[in-house]
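One structure is given below, encoded as structure tokens.
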Amino acid sequence: MGTWAQFGLQDASSPLMEELTYFHDYALIVLTLITILVFYGLVSLLVSSNTNRFFFEGQELETIWTVIPALILILIALPSLQLLYLMDEVNDPFLTIKAFGHQWYWSYEYTDFNDLEFDSYMVPTSDVSFGNPRLLEVDNRLVLPMQNPIRVLVSSADVLHSWAVPSLGTKMDAVPGRLNQTTFFAARTGVFYGQCSEICGANHSFMPIVIESVPFNTFENWVTQYLEE
């Protein structure tokens, strides 16, 4: 979960988010080196008193500043293409969830079970219990088994929404009349918070997402108890 004055990314709770964090750091190093090189070139030109009115071309220099940027772009593109493939690939998901965005709450359906669906509303500030985050807690959490690939089918019942949980490295737009899908793999137990990431109206800021990742036997007990109720 994000905290006050946090400058970095949230702690990764899935293998995909770990890879995204590594790629972010790698790309940031490359961009920092490019910035230093460009700044050095600008300063060198500004302070240099050497001029040549008859210097019209430089084939070697033009080749260098064409080839080197191309190589840099390739070095950035290859890891990103791998990540795009990992984000898009769905290999035999253990569980499929339908998530529908509404103004201004989420509704969930466990497609592998009969009659297992519910709405998830934000808990008002006046009702938040001690220790739970303000504006992020919900009345019904999305309970899922840890260390299993989960597929989420995302859509909307009214306007554009976006289902996003940063610590799991997942974000998918909820478009009316269209069914998008995303996958994630919670590597550990815990409670992971997200929010609608597409401006959807007056209460856009008040439709959080809460995923509770639990061991499989705990998940089985939760499903049994919910269906009995």
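Quick reminder: no glycine exception, Cβ is built from N, Cα and C everywhere.
According to Swiss-Prot, the Cu cation A1 binding site annotation covers His161, Cys196, Cys200, Met207, on the basis of similarity to another entry. Sequence-distant neighbours of Cys196 (Cu cation A1 binding site) (same chain, 6+ apart, CB under 8 A from its CB) are Gly101, Trp104, Trp106, His161, Ser162, Trp163, Ala164, His204, Met207, Pro208, Ile209. Secondary structure at Cys196 (Cu cation A1 binding site), taken from DSSP and collapsed to helix, strand or coil, is strand.
Sequence-distant contacts (6 or more apart, same chain, Cβ under 8 Å) of Cys200 (Cu cation A1 binding site) comprise Gly101, Gln103, Trp104, Val159, Leu160, His161, Met207. According to Swiss-Prot, the feature Cu cation A2 binding site maps to Cys196, Glu198, Cys200, His204, an assignment based on similarity to another entry.
If you look up Swiss-Prot, you'll see Glu198 marked as Mg(2+) binding site, on the strength of similarity to another entry. Cβ neighbours within 10 Å of Glu198 (Cu cation A2 binding site), excluding its own Cβ and spanning all shown chains: 17.
Long-range Cβ contacts of the topological domain 'Mitochondrial intermembrane' (1-25) within its own chain (Cβ-Cβ under 8 Å, at least 6 residues beyond either end) map to 79-80, 83, 86-87, 133, 136, 166-170, 184-188, 190-193, 213. Marked as topological domain 'Mitochondrial intermembrane' by Swiss-Prot on the basis of sequence analysis: 1-25 (among others).
For 48-62, the entry in Swiss-Prot reads topological domain 'Mitochondrial matrix'.
For 85-229 (among others), the entry in Swiss-Prot reads topological domain 'Mitochondrial intermembrane'.
Positions annotated as transmembrane segment by Swiss-Prot: 26-47 (among others).
Sequence annotations record features per position, and here Swiss-Prot assigns transmembrane segment to 63-84 (among others). Long-range Cβ contacts of the transmembrane segment (63-84) within its own chain (Cβ-Cβ under 8 Å, at least 6 residues beyond either end) map to 16, 19-20, 23, 26-27, 30, 34.
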Revision key, fill the gap. Across the topological domain 'Mitochondrial intermembrane' (1-25), DSSP labelling yields 11 helix, 0 strand, 14 coil
Exercise for review: Which residue among the binding-site residues His161, His204 has the fewest other Cβ atoms within 10 Å of its Cβ, if you could check?
Suggested key: His204
